[in-house]
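Presented below is the structure to which this report refers.
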């Protein structure tokens, strides 16, 4: 018959490996004398509701009927006499075990002697003892520290003291603290009545001083907070003003740059026909005015208030208006602007002066445009001269414009 090998679990294999490391071999028992178990304990799962020690096969192995028959047969006694055979049944009392009463001698054990090396040594004289002494419990004997130290031969629970490390300094310090505390308690009891009367006045003074200090601290903190808030608001106001000035200067600078570019682009030769009527010229003026208002594109003016953009020489076909009159008006407009600027120069900063200059240029340009529109609306039309003269003047005017631009840039940098 082939024996199937026992399949070992993972835990069993691990346990065998650990035992083999320590010199155990298969078949040996556990323990120093190797008389322990040789088979490992196997864990079984309990899947029933029976108690511990219950044998589920007892109903098959327990022959209760044979035991009962044997008991009844043992209780029957067969007597053979003159009268014949008689069967007598034993009483139940004979089957029970008898429990005799214990003797009074051993009910209460009294120690009378101690055995010492085979000899008896009586503890006390039995003749002098009485029943009262025997029944009274003796009080336990309380040993003092010295007696305990002597009985333990100098050994204590403090193991470090055996090698000379004691706590004498600490114990002395604790004792001194206790004595100081006791002395303080005695002094406080002696001065118990007089102390409250004397301490009441200093305590009130201390309270007043404490309140004054708290009030002063609160005042100083409020003052410091107010100063900080004022400084912060002043700083924020200054920063906002500077920011606004910077933004305004940037906007005006971009507007002037766009105006100069537009003026340079529009400075080309313009030919005006003499055959145009008054109505189309007015329409063109209106369109130009609308374009200037929408785009913010204005012509660049010089210091005297004159237009820098290249304009062809023209003659007035209608003799009602004189071109000199318009130039005079431009001059007066520029002078008014100069006087306004000089009046406000004293109380202005550098940034505000720049802004004023740019505003002045814009006002000059607006004045010139209004004058041009009014002179043309009265019936006079500008007629261009021959193309050759215009072409000769164009490069010169262009060079003048560039020069003026450079001069303005240098003025702005210096200011």
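Every residue, even glycine, has its Cβ placed from backbone N, Cα and C.
Among 9, 130, 224, 391, the residue that Swiss-Prot annotates as phosphoserine is 130. Of 66, 194, 258, 310, the one with phosphoserine in Swiss-Prot is 258, while the others lack that note in the record, though it may still apply to them. Swiss-Prot lists region 'Disordered' at one of the ranges 116-141, 142-167, namely 116-141. Within the model, the domain 'G-patch' (11-57) carries an average pLDDT of 85. There are 7 other Cβ atoms within 10 Å of the Cβ belonging to residue 46 (SUMO2 cross-link).
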